[in-house]
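The block underneath contains the structure these notes are about, expressed in structure tokens.
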Amino acid sequence: MFNEITKSVTWNGQVLELSTGKIARQADGAVTVKMGNSVLLCTAVVANKAKEGIGFLPLTINYREMAYAAGKIPGGFFKHEGKASDREVLVSRLIDRPIRPLFHPAFVNETHVTCSVLSYDPETPVDILAIIGASAALSLSPAPYLEIVAASKVGLINGEFVLNPTLALLKTSQLDLVVAGTSDSVMMVESEAHLLSEEQMLEAVKFGFESFQPVIKIIKELAEEAKKPKLEMQALYPASLKKEIEKLFVKEIEQAFAIKSKQERSTNLDLIPEKVLTHFVSDIENKKYSNYQIESALKAIESDILRNEILEKNRRIDGRSTTDIRQIACEIGLLPSAHGSALFTRGETQSLVSTTFGTSLDEQIVDSLEGEYKERFMLNYIFPPYSVNEAMPMKAPSRREVGHGKLAWRAINPILPNKVQFPYSIRVVAETTESNGSSSMATVCGSSLALMYAGVPIKAPVAGIAMGLVKEGKNFAVLSDILGDEDYFGDMDFKVAGTSEGITALQMDIKISGVDFKIMKVALEQARLGRLHILEQMNKVISKPNNELSKNAPSTTTIKIDKDKIRDIIGPGGKIIKEICETSGAKIDISDDGTVSVYASDRDKLKVALDKIKAIVVEPEIGEIFNGTVVKVLDSGAFINYVGNKDGFVHISEVSGERIETVSSVLKQGDIVKVKLIGFDNKGKAKLTIKNADKDKSSNNTKPKTNVNNTNKDNSEPEQRRDSSKKRAWNEDNNAETAEVITERKYFN
């Protein structure tokens with residue numbers, strides 16, 4: 001019934017298996033990928049008819065993580081996989097980027113690739129398996145897929161490169177890098193790094209590139225046995241058509257490209273296609289040429305003009321040389337109500353960035369196959385249509401916005417303080433207000449400025465730069481700080497972010513058949529020089545974090561309590577913690593390890609909440625004086641609430657220095673009286689006295705004294721505490737960063 005074909009290779013100590021012919025047999029290409037306990041189904045479907053006139057490859061990649069793959073039921077009301085998560089979007093883009101450039105340039109058939117995780121093993125990198133499976137499925141399909149791609153993940157642990165590190169290993173790694181390519185060249189790089197040098201990054205890419213070559217071999221073997229006939233492709237346009245357009249319109253195109261302003265240049269270039277189509281109207285009517293062929297030939301001429309100017313004259317369309325950076329302007333604190341803000345402008349690209357602090361309750365909860373976890377740092381990239389003067393409605397975040405936001409997140413995350421050093425959650429919103437190339441790197445620069453102005457103690461300022469490439473044969477030019485047109489007509493988009501000491505993020509996308517390591521080395525060094533120049537301009541405005549947080553930022557403190565006191569703060573059904581939050585206006589977050597974080601809009605509210613918590617968790621010392629409230633009067637005495645939610649008993653003999661007939665003749669419910677703690681009974685209940693308490697010189701407080709040895713009312717040896725854990729919950733000897741206020745200088749204003 002099944003004609004299954006399987007190929008396998010031992011890769012990094014695990015067996016990687018690719019098979020076809022058993023599942024999803026009606027798809028044009030279907031491959032099951034297995035490694036460890038991970039199983040993915042990758043399919044490729046190609047439409048029979050071309051979608052002419054669209055000017056781009058209609059390729060859609062969908063990566064899906066099925067909940068059952070990890071033995072889970074989806075959350076939410078419907079208990080069903082819904083819209084793609086950010087993780088699924090990011091992996092979909094990761095698959096798309098190395099694959100898209102490898103189709104025949106004239107191929108415009110609708111193509112859909114789906115990669116579904118059917119079984120999940122945290123010891124294997126499913127995103128890497130998805131890239132491999134998608135490439136294999138396309139190689140089996142009729143799509144004119146010209147090269148075979150594979151990928152690998154690289155970590156750096158204890159100075160050694162690690163192939164396909166597990167999630168546990170990645171937590172200790174200085175590098176998280178994905179590299180994809182063909183047998184000859186690198187096609188895509190995506191990474192987050194902890195201040196690594198250009199040399200280390202290049203060596204990591206080489207390591208990953210060499211590591212996936214055995215995988216390419218088994219994909220080729222599978223394709224040789226199971227592939228379907230490829231679609232026959234024609235040239236995009238006749239060569240004679242291009243020559244005719246050049247002869248008639250090249251001068252006008254060159255004049256338009258000579259305009260330095262993007263908007264004016266675009267306006268003039270947009271007028272040319274209509275003129276060209278009008279000239280060839282009879283040929284279109286006679287079906288000698290199609291609109292799509294004419295427009296494609298015109299785009300090729302525009303590309304030739306831009307590329308020749310760069311390669312032959314070292315001159316770009318805005319007049320810069322290949323290494324020049326556009327003019328930079330930085331401004332901070334322009335949004336008075338934001339916790340931090342900055343405006344970063346580089347040429348005609350501009351990003352308005354704001355920073356907001358929140359509590360641990362505001363952290364992003366992420367539900368993934370690995371399990372549920374929280375993200376303390378959030379970065380949202382917004383690309384509104386007005387930034388490129390387009391009249392379009394605002395929509396939900398696109399895949400591009402999610403991807404650009406994650407790249408900027410990767411660039412900033414390595415230089416952020418940890419939660420002990422800075423207890424807030426952080427949200428950065430970067431709105432691209434103008435765009436002419438490299439808006440994601442403008443986001444990185446603006447985010448660094450806004451964070452420093454907000455007072456976040458980042459390790460160092462971060463800047464980003466986008467590099468381009470124009471390559472013809474062996475001749476090539478690497479471009480610093482590319483424009484939108486240079487990105488569109490160029491061969492590479494290579495984004496590098498980092499500090500003056502090293503790289504924090506790197507992303508490379510190639511539009512040709514690949515680049516070699518010589519080009520990458522030149523691009524990395526040129527990017528380093530450009531990054532240093534940008535940092536120099538940024539440092540003129542702000543070079544280190546402000547010492548004070550914004551007056552609008554919330555106040556916070558973190559204390560450490562005994563774990564057995566957690567339930568006392570929470571109370572039955574959360575009654576106590578709710579009451580504290582409602583009366584103080586603060587927010588409280590309690591961790592399982594006994595860390596209590598308190599947040600409030602101002603210091604007064606913070607103090608109220610903190611005092612209430614202290615009153616609950618402290619262990620009062622014998623001999624302390626308190627202002628107590630009478631809660632119940634009995635014939636034998638009275639119950640007094642003397643601190644927090646703690647009640648003690650005053651025997652009738654301890655109510656007054658004089659003999660009294662009844663307790664009710666002296667005390668009434670609700671009375672405020674001074675009481676002194678004189679000991680505990682055999683059940684651990686507090687014993688109090690009112691006699692002479694108001695004459696004691698000790699003042700009322702809710703913080704216990706240190707090492708106070710008091711005697712009981714009989715002047716005998718000091719009573720033992722109720723149990724061996726009666727040491728104070730409020731431990732003054734705790735580490736300064738985790739006990740009281742974490743650096744009061746910064747977090748209180």
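Cβ atoms are placed via backbone N, Cα and C, with glycine included.
As recorded in Swiss-Prot:
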type	residues	note
BINDING	D487, D493	Mg(2+) binding site
DOMAIN	623-691	domain 'S1 motif'
REGION	691-749	region 'Disordered'
COMPBIAS	714-723	compositional bias 'Basic and acidic residues'
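Highest local Cβ density among the binding-site residues D487, D493 belongs to D493, counted as other Cβ atoms within 10 Å over all protein chains shown. D487 (Mg(2+) binding site) falls within a helix when secondary structure is assigned with DSSP. In the three-state DSSP scheme, D493 (Mg(2+) binding site) falls into the strand class. For the domain 'S1 motif' (623-691), residue counts in helix, strand and coil come to 6 helix, 35 strand, 28 coil, using DSSP.
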